[in-house]
Amino acid sequence: MVWCLGLAVLSLVISQGADGRGKPEVVSVVGRAGESVVLGCDLLPPAGRPPLHVIEWLRFGFLLPIFIQFGLYSPRIDPDYVGRVRLQKGASLQIEGLRVEDQGWYECRVFFLDQHIPEDDFANGSWVHLTVNSPPQFQETPPAVLEVQELEPVTLRCVARGSPLPHVTWKLRGKDLGQGQGQVQVQNGTLRIRRVERGSSGVYTCQASSTEGSATHATQLLVLGPPVIVVPPKNSTVNASQDVSLACHAEAYPANLTYSWFQDNINVFHISRLQPRVRILVDGSLRLLATQPDDAGCYTCVPSNGLLHPPSASAYLTVLYPAQVTAMPPETPLPIGMPGVIRCPVRANPPLLFVSWTKDGKALQLDKFPGWSQGTEGSLIIALGNEDALGEYSCTPYNSLGTAGPSPVTRVLLKAPPAFIERPKEEYFQEVGRELLIPCSAQGDPPPVVSWTKVGRGLQGQAQVDSNSSLILRPLTKEAHGHWECSASNAVARVATSTNVYVLGTSPHVVTNVSVVALPKGANVSWEPGFDGGYLQRFSVWYTPLAKRPDRMHHDWVSLAVPVGAAHLLVPGLQPHTQYQFSVLAQNKLGSGPFSEIVLSAPEGLPTTPAAPGLPPTEIPPPLSPPRGLVAVRTPRGVLLHWDPPELVPKRLDGYVLEGRQGSQGWEVLDPAVAGTETELLVPGLIKDVLYEFRLVAFAGSFVSDPSNTANVSTSGLEVYPSRTQLPGLLPQPVLAGVVGGVCFLGVAVLVSILAGCLLNRRRAARRRRKRLRQDPPLIFSPTGKSAAPSALGSGSPDSVAKLKLQGSPVPSLRQSLLWGDPAGTPSPHPDPPSSRGPLPLEPICRGPDGRFVMGPTVAAPQERSGREQAEPRTPAQRLARSFDCSSSSPSGAPQPLCIEDISPVAPPPAAPPSPLPGPGPLLQYLSLPFFREMNVDGDWPPLEEPSPAAPPDYMDTRRCPTSSFLRSPETPPVSPRESLPGAVVGAGATAEPPYTALADWTLRERLLPGLLPAAPRGSLTSQSSGRGSASFLRPPSTAPSAGGSYLSPAPGDTSSWASGPERWPRREHVVTVSKRRNTSVDENYEWDSEFPGDMELLETLHLGLASSRLRPEAEPELGVKTPEEGCLLNTAHVTGPEARCAALREEFLAFRRRRDATRARLPAYRQPVPHPEQATLL
């Protein structure tokens, strides 16, 4: 600013002095410091004596002139110029001993006292500029020695002056620092170090230089900090018993160093075995005397000066010694029945070569013990702990230096290994948040330690073990899912068991083993799913390009849904040679699981092939490249495609061809003429809820490009497109497969149901046919063995019950002959043809109140009969023969009439006009009893149904049946077939009133009130014998119908009749009395019965029907009166001994079979063998 102000004043003075006498000249004088210079001034006249005047020299910036001379008086001189200035040659000023500060503007003035002109005061002055050149000189420098704490900043300032102005630079150890770098910066002669380090210490030199010379200044920077190790220790190897030295030297400021040595982080002076043999020298070296094997290890040198953290340096000491056994236990336990190990604790340096074993003082030969081997460390491995392992063992190890000797003897003991008292299950499934207790306990000698570990990731503080060693997970968390192991270990052995814990009700677990296979413009991502948490999980693949700049942390991730059940996905449309990040996310109904680890992969570029030589480049038109960057976007208007034009186009682009497909179908042309100027297209004609793939092909002239990249898009939820209405061929394969499978399953199910129904109907029809055709098979007794003791007479124990065996019967039953209507006697030589006989109305055969077949009255004969039939009187047997065409197998339990000519269950008889139904016969009443229906153990009897008051009567074929000779009266006095059986007392109706009226009345009440008749319980059908004719069926008790249609059981001793007292057939409220079947045979434990009524019972029913239909009264035998034949048969029942009883029973059966065979021999229908007859043979 001073120089600027001086120049301004000087210019003002010059401008003012320019008037009248011209412009004054400015003189510049240059001098060197220390020398002299003359500032010229020629204002005095050159010749003559000048007038009286005053000479002044002014310096710009000074208030007073620096030099004033008046006449001969002594000059007045500024103190800064005293002794250095004087006039020379008039008014010129000579300055000696120039200084740098003398540089500046000077003005010379001469005032003539005799010529005072005020306006010319400034005219007698001239300006002179003095320039003083000097070498550089430092005005400010740092101290010669500077101490700075490590890691603190420091600034070194160096300021120099001179003319010309000098340039200041900094050097460190002779190297120019320039503008500085890193932590060091140099600017305007100032050196700044932001953070002083150990390497920053040294001598810094400041140098100021110009054309007049240079000046330097040195500063030593001392960094206060911890020592620096300049000579670290080195690894050493020494034989045992030799001395070793480990060097260690450090430098530091301040230099008050203290060295410390450590072995394996323990001060060597604190180790008792090293303390008497270790020395630390002044230079920091460690001296170790008489090394031992235990001296081997890592030794660390730590120098310290008390500042901050001291450094350290380590070296490893290796001691070589022969192989030796450290500590052989006196006893070694081995687990019984498990593998075991006899260890030989060995140490050796150089490494162990081999170990020799002795057992009981003799060399051990492993080849004599199968399963024994030696491990790499020399231990004996025993495959199975048994008595062969017992003994005393000793081992001797060897290495390249030899051996230190054999080991002490160890004695092998056999002990039981730990055994689990309670093992965990293989798997546990539990809801999250609940408590899970997994038991695990073991025992052994010594007691084992039971511990739980989780394989893989562990749980911190979430798993507890109670006093019983059971694992407690409270509460159960998602992290507890996985594989757990329970181990029990002691000195004998270690055993372990494991279990898997599945935590339900959680989000999916992270997927594992994510791998990415790079493909051209794509990548194939695969993974292993984790546990789904108990719900169906779905996967999605996330990917994004890797950021090229590290400071860019935001990424736009793209996700692709994975089909259900898949564990891989192909990611298309990636840029080649660009790194992408991939991750897989699992989700279920409860939320999302964690992302998998991120995997990097770069898609490969399309393979390139070398171009074939062709025309010069000027003649080859550029090829047409495919469209670029095809993207499909879902919009409210539909699917919108965006793309970029091809990069290479030989000439004008004509257009594009849009192709598309669904799933894995073939490509179809959707739009063959897309304008070449278009870069977007709204795709029409799509179907809702379909996944489409699109691609573009460009064409220009005769050139057609390759297809562009494929763009995938789903139309799910786009209402602008119609729902699926295409042909079944366009259905997705899973849906189509499901529909076809459902239709096939339904068809197969219907077909199987039809076949099963047909088969069941055929079997039911066959079973019914066999039941109709089959009658009770005859009983054939095998020859008796040894006779039983007499004391066995009358025994009712199960041992006395006859055992039966079912066999086939070649003889047709009487029921077949009765059902088919064939005569039982000798066939007539001229039998009437079926056509001439004509149908006869049949009397319904019903079951009586006691369960037996009974007959009702004969039906009135038709009005139209042949002459022979009208003239010939009807016998009761002929009239009763019609009754065998009735059956009581109707669902309601009422008698159902059947036709004799056609009894097939498949083809029912043709409908005929209904006729008045006759009253039910005794046999049908018998069959309609509720307890008789309960006696059908085969389950074929239809259940009782509630009667309908408006139910129409069942159809009955009233055509007459041919008269059978079997039903004719015998020549001998008629004897009831029932009377031929022992113990049978039959009351025939002898009064004018037919006895069937009581039965009809009772049957009517049964039909009207079937629900009021209690059925006999099924529990009453208790079998006491293995035969079919034994007491397997409980006989009906003697009952009397009450007003409500029920029956009451008589006293146990009542065996006379069903009606109590003197009541007989003429009474309407009673029915015929029948004795218990238990008294019909000589054997009280056996009866000639079967599942269906027997032959004799049917014959007896026929006889009863004949007796009840006779017009003439017959005398009714009194109750308890027996015929001579009955008495004879009854007397046979009182035999003594099982052998006699069996012989009598055999005679009775042989007589019965002779009568039956004689009867069936006359029936033609019985000459044909029955398909599946049965016999009951007494074993």
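Even glycines carry a Cβ here, placed using N, Cα and C.
Keep in mind it's a predicted model, so treat the numbers as computed, not measured.
Taken from Swiss-Prot, the feature compositional bias 'Pro residues' applies to 613-626 (among others).
The compositional bias 'Low complexity' feature in Swiss-Prot is assigned to 785-800.
Summarising the annotation, Swiss-Prot assigns compositional bias 'Pro residues' to 826-836 (among others).
The annotation compositional bias 'Pro residues' is assigned in Swiss-Prot to 906-919 (among others).
The disulfide bond annotation in Swiss-Prot covers C41-C108 (among others) and rests on sequence analysis. Under the three-state DSSP scheme, C41 (disulfide bond) falls in the coil class. Within 10 Å of the C-beta atom of C41 (disulfide bond) sit 25 other C-beta atoms, taking all shown protein chains into account.
Among the features that Swiss-Prot reports, disulfide bond is placed at C158-C206 (among others), with the record citing sequence analysis. C206 (disulfide bond) falls within a strand when secondary structure is assigned with DSSP.
C248 (disulfide bond) is surrounded by 27 other CB atoms, counting those within 10 A of its CB over all protein chains shown. The disulfide bond annotation in Swiss-Prot covers C248-C301 (among others).
Residues within less than 8 Å, Cβ to Cβ, of C344 (disulfide bond) and separated from it by at least 6 positions along the same chain comprise V325, M328, V355, W357, E377, G378, S379, L380, C395, P397, S407. Among the features that Swiss-Prot reports, disulfide bond is placed at C344-C395 (among others), with the record citing sequence analysis.
According to Swiss-Prot, the feature disulfide bond maps to C440-C486 (among others). All protein chains shown were included, and the count of other CB atoms within 10 Å of the CB of C440 (disulfide bond) stands at 24.
Per Swiss-Prot, domain 'Ig-like 1' is recorded for 24-124.
For the domain 'Ig-like 2' (136-216), the DSSP-based tally of helix, strand and coil residues reads 3 helix, 48 strand, 30 coil. For 136-216, the entry in Swiss-Prot reads domain 'Ig-like 2'.
Among the features that Swiss-Prot reports, domain 'Ig-like 4' is placed at 322-410. Across the range of the domain 'Ig-like 4' (322-410), the DSSP-based residue counts are 6 helix, 44 strand, 39 coil.
Sequence annotations record features per position, and here Swiss-Prot assigns N-linked glycosylation site to N188 (among others) based on sequence analysis. N188 (N-linked glycosylation site) has a Cβ environment of 8 other Cβ atoms inside 10 Å.
Among the features that Swiss-Prot reports, N-linked glycosylation site is placed at N256 (among others), with the record citing sequence analysis. N256 (N-linked glycosylation site) is surrounded by 11 other CB atoms, counting those within 10 A of its CB over all protein chains shown. DSSP classifies N256 (N-linked glycosylation site) as coil under the three-state reduction.
Taken from Swiss-Prot, the feature N-linked glycosylation site applies to N513 (among others), supported by sequence analysis. Reduced to three states, the DSSP call for N513 (N-linked glycosylation site) is strand. Other Cβ atoms within 10 Å of the Cβ of N513 (N-linked glycosylation site), summed over all protein chains shown, number 10.
According to Swiss-Prot, the feature N-linked glycosylation site maps to N524 (among others), an assignment based on sequence analysis. Taking Cβ-Cβ distances under 8 Å and a sequence gap of 6 or more within the same chain, the neighbours of N524 (N-linked glycosylation site) are V516, V517, H568, L569, L570, V571.
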Same-chain residues at least 6 apart in sequence whose Cβ lies under 8 Å from C108 (disulfide bond): L39, G40, C41, L43, I55, E56, W57, A91, S92, L93, G125, S126, V128
Alpha-carbon spacing, N256 (N-linked glycosylation site) to C248 (disulfide bond), which is rounded to whole Å: 15
Which same-chain residues, if any, lie at least 6 apart from C301 (disulfide bond) yet have Cβ under 8 Å of it: I229, P232, P233, L246, C248, Y259, S260, W261, G284, L286, S312, A313, S314
Within 10 angstroms of C158 (disulfide bond), Cα basis - recorded positions out of N188, C440, C486, N513: N188
Cα separation, C486 (disulfide bond) to N513 (N-linked glycosylation site) (Å, whole number): 27
Rounded inter-Cα distance in Å - C206 (disulfide bond), N188 (N-linked glycosylation site): 12
Average model confidence [pLDDT] within the domain 'Ig-like 4' (322-410): 92
Rounded inter-Cα distance in Å - C440 (disulfide bond), N188 (N-linked glycosylation site): 82
C486 (disulfide bond) CB neighbourhood, other CB atoms within 10 A: 26
The domain 'Ig-like 1' (24-124), counted residue by residue under DSSP: helix, strand, coil: 9 helix, 40 strand, 52 coil
Separation of alpha carbons, N188 (N-linked glycosylation site) and C486 (disulfide bond) (Å): 76
